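Take a look at the structure set out below.
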Amino acid sequence: MSKVCIIAWIYGRVQGVGFRYTTQYEAKKLGLTGYAKNLDDGSVEVVACGDEGQVEKLIQWLKSGGPRSARVERVLSEPHHPSGELTDFRIR
């Protein structure tokens, strides 16, 4: 498998519902590095890097709604080239 990085924006009821923390848990379980952070517009930004198949699993998890308390309306993602090395999956 090749290594890839993506950046995704998740829209809906995704702040104040544990979205970043459960995303971190799922990403670490899949062996990914990157981060999840809240944006001012109420969305969450996720950068995930790792094996292509594992990154795709995280994207599918995000699209399926994330944690039970969240309500995901839309997920946009694209390839990403982070400026620095990501050694863990963090919450920002």
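Quick reminder: no glycine exception, Cβ is built from N, Cα and C everywhere.
In the three-state DSSP scheme, Cys49 (disulfide bond) falls into the strand class. Look at Swiss-Prot and you will find Cys5-Cys49 tagged as disulfide bond, backed by sequence analysis.
What Swiss-Prot records for 5-92 is domain 'Acylphosphatase-like', and it gives sequence analysis as the kind of evidence.
Using a 10 Å radius centred on the Cβ of Arg20 (active site) and all shown protein chains, the other Cβ atoms total 23. Under the heading active site, Swiss-Prot lists Arg20 (among others).
Reduced to three states, the DSSP call for Asn38 (active site) is strand. If you draw a 10 Å sphere around the CB of Asn38 (active site), it holds 16 other CB atoms from the protein chains shown. According to Swiss-Prot, the feature active site maps to Asn38 (among others).
Sequence-distant neighbours of Cys5 (disulfide bond) (same chain, six or more apart, CB under 8 Å from its CB) are Gly34, Val47, Ala48, Cys49, Val55, Pro79, His80, His81, Pro82, Leu86, listed in sequence order. The number of other Cβ atoms within 10 Å of the Cβ belonging to Cys49 (disulfide bond), over all protein chains shown, comes to 22. Between Arg20 (active site) and Asn38 (active site), the C-alpha separation comes to 8 Å.
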